[in-house]
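What Swiss-Prot says about this one:
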- K110: active site, N6-AMP-lysine intermediate (ACT_SITE)
- D30, E31, E32, Y33, D34, S79, M80, E108, R131, E165, K280, K304: NAD(+) binding site (BINDING)
- C398, C401, C414, C419: Zn(2+) binding site (BINDING)
- 573-648: domain 'BRCT' (DOMAIN)
Amino acid sequence: MTYDEYKEKVKTLKKWAYAYYVEDNPVATDEEYDRLYHEVLDYEMKHPDKALEDSPTKRVGGIVRDEFTKAKHIKRMWSMEDVFSKEEVQDWLDRVEKNVGECDYFCEPKFDGASMNLLYDDGKLLRAITRGDGVVGEEVTDNVRTIRSVPLVIDYKGLIEIRGEVVIRKDDFEQINEERLKAGEAPFANPRNAAAGSLRQLDSSVTAKRRLVFYPWGIGENTLDQKKLSEKMEFIYGQGFLRPPYHEACHTIDNIEKFYQFLISKRDEIPMMMDGMVIKVDEIEKQEELGYTVKFPRWMCAYKFPAVEKVTQIRAITLQVGRTGVITPVAEIEPVNIEGAMVSRATLHNFDEIERKDIRIGDHVIIIRSGDVIPKITKVLIDRRTGDEIPVERPTHCPTCGSELLDEGALIKCQNLECPDRVINTIIHFAKKGCMDIDGLGSKIVEQLVKEGKIHDILDLYSLTYEDLADLEGFKEKKISNLLDAIAASKGAPLHRLITAMGIEHIGEVASRALALEFGLGIVDAKYEDIVAIDGIGEEMANSLLEFMRVNREKVLKLFNTIKPTVEKKVEAKENPFKGKIVVLTGTMSESRGKIKEMLEELGAKVSGSVSKKTDFVIYGEDAGSKLTKAESLGVPTLTEDEMRAML
């Protein structure tokens, strides 16, 4: 076989593979495909230096890993703001157009799958990373290479991040679950879980069998010069990526609503699960001008589809004990399929709601589920009662530890601080991101450690040894050392994160920061009048903090002594031209904008990402763009970086 013949056969094999795996429309028999596949493989084994990067043989799974490594996105992968009605869409449009004027909008289906970031370097697929926390995800490149709708090579120089959704078709999802049931394995709850679970297989040959599909929806790092997102996406589609079955350019709320209703009408026909429609400002310059909140881009939102209702029957009511001791009733229901998700539980919130709705065991009820929202019961079908239904009694003793419960009406609490369920949930909260961020200490491991008697409270984490973990099922040398290293690394964390991690009722991240700055380690002895004097801290929060410290003072002091948290210093900015001012930065400065932002915040300024009439100063560097133009049109004072420094 000559090299030209080899290239032609690779081209044919790619066409056949795409038709079979992506379009679900085979154009060759299995025998023909296998024969051609092995001809190509034989040539590549004899001439490995001539093997093409995008040959279908490169996709076959078989690589087995011990674990996944963490990898950082070049540009952050953001979440999206959700809207649920035409009125909420109009509010969102009003906010957008108030800042940047009339816009073109790019609308497309929102597929329900696992978000993925593909990094290409000079056209070759270099890395595939899960969304993770938006900054860091898990590298799953070997698994993603098995997805036929992911090109291994594209026509692009330099680095480009192509973001999209990995999904499973509805028919394939049902087939996978049938196979899992036959093998004695638990079925996946929904296609999203199936896609995510398939991507996290340590053996890539398992992923290869799952027939995953990748739909691109956005771009991170890139040097494309198109002025609109839709134009950039046309370039991406032209590289061999799948185009969504429908997408639309819209200009008004009526255009948007019409396309939204059209997608709803196609919901059952489209082979992938959709849970809404994504609306994006199309013009790149306006996207940059709108910027981002802490969580979302201001230039895009997800218009979620209506909740789906189903009728089912309550089999039993079980009780869950949270970290604060609150007892939450959960309805165990006859399993029902809602939009591809098998639902077997629904939240009941509290016992007052059970009494208000007169919910009984054996009742037929209507439940709804919308997106990621936990299914809930909306109505009891009283006309279907037979008389055999059993009223639900308010519990008097904890289902886990048996201690007497405190009934406060809507809330019923277990007051035993050593209740195993309270301990487990307290430690899970303590270890999660935004708190102590102990990597690898997930819910299953916490449950195992508590049930095996290795830990009884948070403090016990910091005295765990290799020997404590060596005899536990599933704990190998590397896993043990990684966990112990992660626990040790959490020492010295900022005090506000430790306060958040303690799980004090009503005290969230923002309040924890304010308390840490005001009191430092003296928070254990803080007085009521000093607490409520802090901006944003009310009576309920103050009382909650005081009660927590009264009960747990000695434990908190031991935590401080063990963890030695970093105490942030409260520095009152001296009088300066920027104290209390709203400032916007734009253009290239002599040092990173992050450092200049930090400097201005230390001076008491609030640094915003967008220009408005409320902006006091726009400070600009080289290649300043639309923010500077908008400031000038609004009459907002503008300063060069040198002028800003001169004012100081």
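Glycine too: its Cβ is placed from the backbone N, Cα and C atoms.
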Note = Using a 10 Å radius on the Cβ of K280 (NAD(+) binding site), the other Cβ atoms enclosed count 23
Remark   = Top of the binding-site residues M80, C398 by count of other CB atoms within 10 A is C398
Shell list (Zn(2+); ref centroid = CB of C398, C401, C414, C419; cutoff 8 A) = V321, G325, P399, T400, G402, S403, L405, Q415, N416, P420, D421, R422
Query = Rounded to a whole number, how many Å is the Cα of the residue listed as 'active site, N6-AMP-lysine intermediate' away from the Cα of C398 (Zn(2+) binding site)?
reply = 42
Ask   = Could you tell me the C-alpha distance between K280 (NAD(+) binding site) and C401 (Zn(2+) binding site) in angstrom, no decimals?
value = 51
Query = Which of C401, C414, C419 has the fewest nearby Cβ atoms, counting only those within 10 Å, among these binding-site residues?
reply = C401
Ask   = Which residue counts does DSSP give the domain 'BRCT' (573-648) for helix, strand and coil?
value = 26 helix, 17 strand, 33 coil
Inquiry  = Can you tell me the CA-to-CA distance separating E32 (NAD(+) binding site) and C401 (Zn(2+) binding site), as a whole number of Å?
reply    = 64
Ask   = In which DSSP state, out of helix, strand and coil, do we find E32 (NAD(+) binding site)?
value = helix
Ask   = Around R131 (NAD(+) binding site), how many other CB atoms lie within 10 A of its CB?
value = 21
Remark   = Counting every protein chain shown, other Cβ atoms within 10 Å of the Cβ of the residue listed as 'active site, N6-AMP-lysine intermediate' number 24
Euclidean distance between Cα atoms of C419 (Zn(2+) binding site) and M80 (NAD(+) binding site), Å = 38
Note = For E32 (NAD(+) binding site), the number of neighbouring Cβ atoms whose distance to its own Cβ is within 10 Å equals 13
Task = Could you measure between C398 (Zn(2+) binding site) and R131 (NAD(+) binding site) for me? Cα positions, answer in whole angstrom.
result = 39
Key: Alpha-carbon spacing, C414 (Zn(2+) binding site) to R131 (NAD(+) binding site), which is rounded to whole Å   = 37
